[in-house]
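To keep things clear, I will list the structure first and then write my remarks on it.
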Amino acid sequence: MTTPVLSIRNLSVEIPTRQGILKPVDRVSYDIAAGEILGVVGESGAGKSMAGNAVIGLLNRPAHIAGGEIRLNGARIDPLEGEEMRRMRGKEIGMIFQDPLTSLNPLLTIGDQLTETMLTHLPIGRKEAEKRAVAALDEVGIPGAKERIDSYPHEFSGGMRQRVVIALALCAEPSLVIADEPTTALDVSVQAQIIALLKRLCRERGTAVMLITHDMGVIAEAADRVAVMYAGRLAELGPVREVLTEPRHPYTHGLMASTPLASQGQTRLHQIPGSMPKLNYMPDGCAFHPRCPRAADKCRTAPAPTLTDGRAACWFPMVTEAAE
Amino acid sequence: MLAFVIRRVGQSILVLLIVGLVAFSMFRFVGDPIDNMLGQERTIEDVERLRAQLGLDQPFPVQYFRFLEGAIQGNFGVSYRQGREVSEILLERAPATLELAFVSGVLAIAIGIMLGVFTAIRRNGATAHIIMAASLIGVSLPTFLIGILLIYLFSVELGWLPSFGRGETVSIGDWWTTGFLTESGRKALILPAITLGLYQMTLIMRLVRSEMLEVLRQDYIRFARARGLKERAVNFHHALKNTMVPVVTVIGLQLGAIIAFAIITETVFQWPGVGLLFINAIQFVDIPVMAAYLMLISVMFVGINLLVDILYVFIDPRLRVDRTGGHS
Amino acid sequence: MTDTQTNQAAPPEAVDKSLWQDFRESDFFYAFKRSPVALVSFAVVCILVLSAVFAPLIAPTNPFDPASLNLMNGFTPPLEPNAFTGDAFLMGTDDQGRDVFSTILYGMRISLFVGASAVLFAMVLGITLGLVSGYFGGWTETIIMRVADVQLTFPSILVAMLIFGIAKGFTPVEYRDQMAIWVLILAIGLSDWVQFARVVRGATLVEKSKDYVAAARLIGRSPWAIMLKHILPNALSPVLVIATISLALAIIAEATLSFLGVGAPPTQPSLGTLIRIGQGFLFSGEWWILFFPACTLLALALSVNLLGDWLRDALNPRLR
């Protein structure tokens, strides 16, 4: 078996506050193989972005990694600090942010931003970097790349800017890309194009992708496997088709029922009662039990198991039921 | 771009015309110019002759126009107090003020930006906290007290530096005199330059710091970090450039303020510049000098504002007229 | 219309009581109690203002009463008995034998009076122009805001100097010293109205578009009643912050002008005038004539400034 590009084991992130220690990410484990796209879903505040930031070493203080391991191509990267971590960023791990309108420096041409990134990481000269910058823009589908290299970000539309952002994240050929809600800020018509582009580039280059989103549609379209997060913990992890069609965790089930998927043709959308607990008011036992239709006494006292049968972190996982 | 510049130049000229009107009204209506110029012993013929000579028998708009015409040619009349051409006096005093303003401006901008960037990048460090606390006192401290304090320390107690005047000066060309070339001139410049520059420096520093902190929170800085750019490149290439956009405007205005605040510094140090001239003019109600100073400083202010606006467009590409956009 | 009026006009003592209670229980008061900077600067401001107001009672001598002066007492250092008369003075005496402590108390009166009056004048003028330009709009607004823009490009101290110079020119020579204080108030006030006008205009524009203003207009209330009763209260907290910060600036402006010799006359010396006088003795060793007025001015300016800073953070209005 080949080593996965990214391997996270029992990763915990903590934020010390006056009300005690918050755990936005709590003992999360997953792998991503080369060329694979792992979708990480969950509501806002579920810890999915925080996990991504932990991997690339960009947690905002006072948040910090409190336990677990992060391995990139087999080597541990979680203890790396400062300069060593900086060299990993961009070179080994690329990152794509949510809003292309604010991700690009408005005062530098996109050519400048591309060449600067490549010159930082690759042993090439300015001429070569400029040539590659044009090629990179070409590759992400920007028409007339050669002429537009000296344009400023404001001269591009939102979708085009996100293409530039992707080119920037990939220009030093990282083995892992973390895409944090890459389509949320875009027009619906552009979303699919961006997802398709990301998918194509990663397949061609064998890049592993952590695709963070709250949009089940995006997951269904792009991901190979999916990790569902709830209140900092991994609720369910499995191949995308299985998780979407036969969810085992009641939360995933609720999430699927509340997502308008064209294939299902439901007339009414389901709602999960209540809302996700705040990090400083975590219930005892399984974090989901106050909202769970299947909660039993055990769920109220014992913390949920860590991914029991390899799919769902639940005491009473839903096994395929005939009718609902 | 061209349309923008033309519009701004138009606005500037309008402002100058209004200021000119104020200056002219002062000249025309504050006291009686004839009284002021002739004094007690005069004949009716003298009065009539001077009235005609000054054009005071003409209708108001004609007088205003003539005043402007004169002002453009640098002719502001004769000082009531010194009995000499105002333009001549101003020209004689200008180099002292300009040299002082130049040195303090450079000091304030260079040190202010450096300290601002430093306190923003090391915002949790002890040094940064001390600098910030000191700057709060600096902002509340009136300029003239700083001057007096410096005189007390370096002139009275230590005896290192002179407390007044410009030292020895050297003439360059027809009318420029400089203190840069002699040791006593350079020594005399130190205390006034610090006094004048300190307030602007703290202001620039605090502004740079808060703007830079704001910029460092932006997504594109996070993205630059996420691409593994070197910390130096992130701070100085990406963050500083964006910080400078709003800062340039304020620095421009500060340059104007330096000229105005030079009045205070020049009085404290008896620096023979335009500001000291202006204060004396106010004390003795020497209207032609006041009017001329008002016009001069307005031209300077309006010019600086205009320059800043145009500079702004060069720094921020978003303001440049789009190649594809429909600006006309 | 009568309904709203009766609702607003509760019995006065009830309003007083609940207002005071409201205030004591407010976050604002809580934050104030918890901030050492605010408490200390507030205390300093109170002490200085009170000692200025009650100067005639506190001051050992009246420095402007020639009968109380003894030239023999000249240049007495602080807390040392004078060689000729044996009199001792807390902060020493100046060249004419005036008690420096007393001149500071009286000087602070003038500084505070000029500063407060100038801010009050600027506030009334700024609020009026802000309301008018925001409420009526049109060419009134254009003219007022254009003037504000032009004035804002010049530092206010320069504007104050110019106004002082012009006003001085208009005053007949024999009244110049007498009028100097009022001219000073006019000059500083006129140089400082723009901030008030801008904030009030902004608030007016926001409130004007709201339904209750339209309703008040429909039932025929006069524009001034609407502006003062409905719109102005919304702008009060930023106005208060600007007024406090302006007070610090006005005190400094007054001191600066007086120091430069274009402000309070030697017959009615403010702190700035005292510092101007004291600077003359800097080289001859009589440091106290300069030192104590300078410290007083510094304490006054710094504490008002810190209070204003704190107030801005506490009320947190979006200042433009």
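Cβ atoms are placed via backbone N, Cα and C, with glycine included.
Summarising the annotation, TrEMBL assigns domain 'ABC transmembrane type-1' to C:108-308.
Residues or ranges marked as transmembrane segment by TrEMBL: C:37-59 (among others).
Positions annotated as transmembrane segment by TrEMBL: C:110-136 (among others). A Cβ distance under 8 Å defines the sequence-distant neighbours of the transmembrane segment (C:110-136), meaning residues of its chain 6+ beyond its ends; these are 48-49, 52, 144-145, 181, 184-186, 188-205, 208, 223, 226-228, 231-232, 235, 239, 243, 246-247, 250-251, 253-255, 264, 268-272, 297, 300.
Annotation source TrEMBL lists transmembrane segment at C:148-167 (among others). Proximity of distant same-chain residues to the transmembrane segment (C:148-167), defined by a Cβ-Cβ separation under 8 Å and at least 6 residues beyond the stretch ends, is recorded for 183-184, 186-188, 190-192, 194, 197-198, 249, 253, 256-257, 260, 262-263.
Summarising the annotation, TrEMBL assigns transmembrane segment to C:179-200 (among others).
Through the fold, the transmembrane segment (C:231-253) approaches residues 111-112, 114-116, 118-119, 122-123, 127, 130-131, 134-135, 156-157, 160, 188, 191-192, 195-196, 199-200, 202-204, 206-208, 213, 297, 300-301, 304-305, 307-309, 311-312, 315, 317-319 of its own chain, all at least 6 residues removed from its boundaries and within a Cβ separation under 8 Å. What TrEMBL records for C:231-253 (among others) is transmembrane segment.
The list of residues near the transmembrane segment (C:287-311) in space but at least 6 beyond its ends in sequence, with Cβ under 8 angstroms from a Cβ of it, reads 35, 37-38, 40-42, 44-45, 48, 77-78, 91-92, 94-95, 100-101, 103-104, 107-108, 111-112, 240-241, 244-245, 247-248, 251-252, 255, 271-272, 274-275, 277-279, 281. Per TrEMBL, transmembrane segment is recorded for C:287-311 (among others).
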